[in-house]
Amino acid sequence: MSEKRKDYLSWDEYFMGVAMLSGMRSKDPSTQVGCCIVSQENKILSMGYNGFPTGCSDDEFPWAREGDDPLETKYVYSTHSELNAILNYSGGSLVGARLYVSLFPCNECAKAIIQCGIREVIYANDKYSDTPSVIASKRMMDAAGVKYHQYRKTEREVTICL
Ligand SMILES: Nc1ccn([C@H]2C[C@H](O)[C@@H](COP(=O)(O)O)O2)c(=O)n1
Ligand SMILES: [Zn+2]
């Protein structure tokens with residue numbers, strides 16, 4: 001009798017993989033971020049990626065990072081992957097959930113994460129760790145008791161032919 005497979009995805013690989021796949025939907029030319037929210041029973045509750053709100057055309061609103069006029073940059077319009085994942089959830093409470101995200105949450109997303117009761121954040125990249133936004137985010141999550149740690153990368157490479 002054949003035995004069960006041994007090289008199946010771990011929970012962390014699975015959920016971070018789903019977060020990264022979700023990020024591939026982003027139209028942001030410089031940074032694509034994906035997020036996956038998971039219940040205490042390891043059920044996927046919601047997903048999100050960074051982009052403009054519904055009705056704000058990807059082709060009409062600006063993707064620029066810099067400009068004399070802030071209104072001509074993406075920052076005033078884009079919704080972050082974490083906030084989109086929280087807002088996409090229509091099932092009720094997120095209390096006790098875990099959030100997998102490909103980039104450490106900013107201060108605004110940290111507020112939403114704390115307020116909806118998410119208890120743990122697992123992030124892949126922390127490239128903006130020196131910014132006031134991320135420093136404030138960590139300060140708030142520390143104060144609120146939201147745990148966070150970096151995803152422990154494995155040797156696994158996943159190829160999907162679509
Ligand atoms: N935790 C984060 C951090 C950033 N984002 C989004 C916001 C922008 O669309 C993009 C960052 O752009 P950059 O300044 O690197 O050109 O990523 C997010 O969704 N979640
Ligand atoms: Zn954010």
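The backbone N, Cα and C atoms fix where each Cβ goes, glycine too.
Just so it is clear, the model here is predicted, and its values are computed rather than measured.
Annotated domain 'CMP/dCMP-type deaminase' per TrEMBL: 10-148, in sequence order.
According to TrEMBL, the feature Zn(2+) binding site maps to His80, Cys106, Cys109. Secondary structure at Cys109 (Zn(2+) binding site), as computed by DSSP, is helix.
Here TrEMBL flags Glu82 as active site, proton donor. In the three-state DSSP reading, Glu82 (active site, proton donor) counts as helix. Around Glu82 (active site, proton donor), the same-chain residues six or more apart in sequence whose CB sits under 8 Å from its CB are Val33, Cys35, Gly48, Leu99, Val101, Pro105, Cys109, Ala112, Ile113, listed in sequence order.
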Starting from each candidate's C-beta and looking 10 angstroms out, tell me which of the binding-site residues Cys106, Cys109 has the most other C-beta atoms.
-> Cys109
Measure the Cβ-based neighbour count of His80 (Zn(2+) binding site), defined as the other Cβ atoms within 10 Å of its Cβ.
-> 21
Using the centroid of the Cβ atoms of His80, Cys106, Cys109 as reference, list every other same-chain residue with Cβ within 8 Å of it (recorded Zn(2+) site), in sequence order.
-> Ser81, Glu82, Leu83, Pro105, Asn107, Glu108, Ala110, Ala112, Ser133, Ser137
